[in-house]
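Lifted from TrEMBL, the feature list:
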- 106-430: disulfide bond (DISULFID)
- 304-317: disulfide bond (DISULFID)
- 36-54: transmembrane segment (TRANSMEM)
């Protein structure tokens, strides 16, 4: 549910010496008309939302320079929406995760991983835009600095002045070396936690990818990470299978004859006073004698986000304060919420092919507990966003009429749509009877990035399997994308 907050009102009392005497005298003595008007004006000012006067207002970008931003590139509060790195997202997510005690009688027998791909290069068209637009802006920044119009500190200016695009259009959507290393690290962490579920002598592996190269390369990196610890992992090239239930969102888009329209909320925030002030403030900091347009802002932001994830050095990030990055993150949050998330009604049912696959995997795990299976699936942010909607997760995007975000909102792309974000299910047999096929003897530990999370219809993150199967049976067995993927 999207909630619109009223801005907080300033609650402040006037401190007057000898206030009791003042009140007594004011009753006896007539107050001049001018004094009444002044008093009314004071009361009116005190009831104006504090954000208008406070530096904490999300549209207050008037901090004066020069000041240095490049040195703060690793600040955890500097977030980059769906281009946030996994390790930074984990630090944010750890503060919100549930805690759960797993009974000693519960033994893991199935592992189900549904992960977004790792850090990738931008799309070809985005790289071409960077090639065309950023050098022109770079020249304007140099001219502004040389004419003493810039507010950039020397370090920030020098990083932008020395910047050169390090990617080419042929890198189009391929996994980066940083994406490979992060993915291998994640594989190692899961292996250390559940070594029995990655033992090739005991486990059958099922690997799934989409038709996009970045998921294939992520899957290979994950398996390579496992092989660093278990060289005998028996996953061959033919085991990397394109599975349609991992790209249900792409299939659905084709069924509705094109992409889902851009949400009106994105257009509204782009045309808002908030973004007008943001573009003006950044332009002034850059030393420009004009205001950049939204296309230029978007290219700068994309370069910032991708380069900080890929190289950890992103000169274009030096042009944004934390407050400005939060405003840009808010626009991304709105886009994903209303296009890919709970804000579009069909997204709640669209993941039914994936839910159905998980449902059948749980049934198989219970029916054949001696045959352990590990599922390693790799997909995209659009699929994860819709899965969150189907599972009743993060459905909370609180903003006010000025598009100022609630810092405690649940729907935050930097938190739950980062590179490598993953939904994990571990089926446990919680009985001494190794051959039990009673769903009540089994529990599902549901996690995001390895942290316990309660999904819809479950009492906690250690969900009784019988309850899970009962609640998700209809979605799994009556899944019909032809019917679901229909816009009125």
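A Cβ is built for glycine as well, from the same backbone N, Cα and C atoms used for every other residue.
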Nearest-integer angstrom distance between the alpha carbons (Cα) of residue 430 (disulfide bond) and residue 317 (disulfide bond): 50
Spatial separation of residue 317 (disulfide bond) from residue 106 (disulfide bond) - C-alpha basis, Å: 47
Packing count at residue 430 (disulfide bond) (other Cβ atoms within 10 Å of its Cβ): 18
For residue 106 (disulfide bond), the number of other Cβ atoms found within 10 Å of its own Cβ: 18
DSSP-derived class (H/G/I helix, E/B strand, else coil) of residue 430 (disulfide bond): coil
Cβ neighbours of residue 317 (disulfide bond) where a neighbour is any other Cβ within 10 Å: 23
Cβ neighbour count (within 10 Å, all chains shown) around residue 304 (disulfide bond): 23
